[in-house]
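Heads up: the structure comes next, in structure tokens.
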Amino acid sequence: MKNITADIVQQFIPKRKEDSYKGTYGKVLVIGGDQNMGGAIMLTASAAVYSGAGLVTVATDPKNHTALHARLPEAMVLDLWDAKSLEEQIKKVDIVVMGPGLGLSEQAAEVVELVFQHIHKEQQLILDGSAISLVAQESLSLPETHLTFTPHAGEWKKLSGISKEDQTVEKNKQAQKKLDATIVLKGSRTEIYFCNDDWKNTTGNPAMATGGMGDTLAGMIAGFTAQLPDKEQATLAAVYLHSYIGDALADQQYVVLPSQIIEAIPSFMKNFEQQRL
Ligand SMILES: NC(=O)C1=CN([C@@H]2O[C@H](COP(=O)(O)OP(=O)(O)OC[C@H]3O[C@@H](n4cnc5c(N)ncnc54)[C@H](O)[C@@H]3O)[C@@H](O)[C@H]2O)[C@@H](O)CC1
Ligand SMILES: Nc1ncnc2c1ncn2[C@@H]1O[C@H](COP(=O)(O)OP(=O)(O)O)[C@@H](O)[C@H]1O
Ligand SMILES: [Mg+2]
């Protein structure tokens with residue numbers, strides 16, 4: 001397993017081009033947040049916006065729309081349960097990130113199935129939280145697209161069938177091959193399994209053990225993937241910086257909140273920009 005380190009990540013964050021515009025930096029659709037877990041999807045959407053995604057639209061329960069507009073005016077919203085609007089929006093985006101706070105209801109499972117039906121081969125699909133649990137629970141067949149799963153150990157157990165004690169690098173690699181997807185296995189030292197490569201994070205700390213921290217990472221992966229041409233580099237950079245910011249804040253804080261990580265993303269990205277003078 002290779003280590004993700006600062007000097008590697010620095011090579012991945014390009015300087016923005018003078019003649020670029022929002023369209024250059026990708027369109028992201030963020031799907032999740034039922035009536036009780038609107039906070040999860042607000043964190044995911046905010047992380048995508050603060051990571052620099054060009055345009056972010058959020059499909060969430062209508063109960064969350066006002067709060068989301070108030071917290072994150074940069075994002076557009078649509079009704080999570082309106083199948084037609086959701087189907088139309090999927091066609092317009094480059095990246096879909098689905099699952100934070102989605103819940104495990106029958107209606108939520110229908111949303112996941114709808115996305116699987118309509119996503120096409122060139123798009124990127126990131127599945128987190130409830131979407132991973134639903135894939136396992138409903139034994140859903142996976143769509144033909146660029147797929148990333150971001151499970152914690154409990155979700156990985158549901159998805160791969162490997163118990164927490166047995167989650168060794170070899171077993172995880174075998175499960176990755178079967179799923180034919182990128183696996184971001186979150187933990188105190190997150191592991192990333194690509195088809196031909198695997199990596200271990202070198203940053204992160206227990207001050208980050210706070211609800212919503214994974215929702216935030218999912219949004220960062222989406223935001224980085226929206227902008228960077230190499231999707232594997234985007235995933236590595238997002239995982240590393242999420243925890244690197246967590247470490248920097250934990251120097252002075254006993255706990256680090258997901259919203260604090262989000263606010264710090266733009267300045268830390270600037271520090272990691274290529275060829276910074
Ligand atoms: N503010 C919000 O609205 C929040 C919503 N959340 C959402 O809540 C939904 C359920 O997520 P959960 O992760 O709570 O629930 P899950 O039920 O999927 O996973 C929790 C279970 O996994 C086990 N587990 C084993 N190893 C673990 C590990 N390393 N980390 C965490 N759990 C481990 C736990 O013991 C527990 O039984 C997701 O959709 C998530 O996005 C959470 O992100 C918390 C914050
Ligand atoms: N002790 C720890 N050390 C380093 N990172 C941690 C620690 N605890 C949690 N994290 C990070 O916090 C995130 C937790 O993700 P997850 O369990 O999905 O959270 P949530 O679903 O509440 O948003 C992961 O990115 C994980 O790496
Ligand atoms: Mg989670």
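Glycine is treated like the rest: Cβ placed from N, Cα and C.
Within GLY211, GLY212, GLY214, the residue that TrEMBL lists together with LYS186, GLY187, SER188, ARG189, THR190 for binding AMP is GLY214. As a whole-number mean, the pLDDT of the domain 'YjeF C-terminal' (5-272) in this prediction is 97. Sitting within 8 Å of the Cβ centre of LYS186, GLY187, SER188, ARG189, THR190, GLY214, and not among those site residues for AMP, are the Cβ atoms of HIS152, LEU185, GLU191, ASN201, GLY204. Same-chain residues with CB within 8 A of the center of the ALA40, GLY101, HIS152, ASP215 CB atoms, the (6S)-NADPHX site residues themselves not counted, are GLY32, MET37, LEU43, THR44, GLY99, PRO100, ASP128, GLY129, SER130, GLY211, GLY212, GLY214, ALA218.
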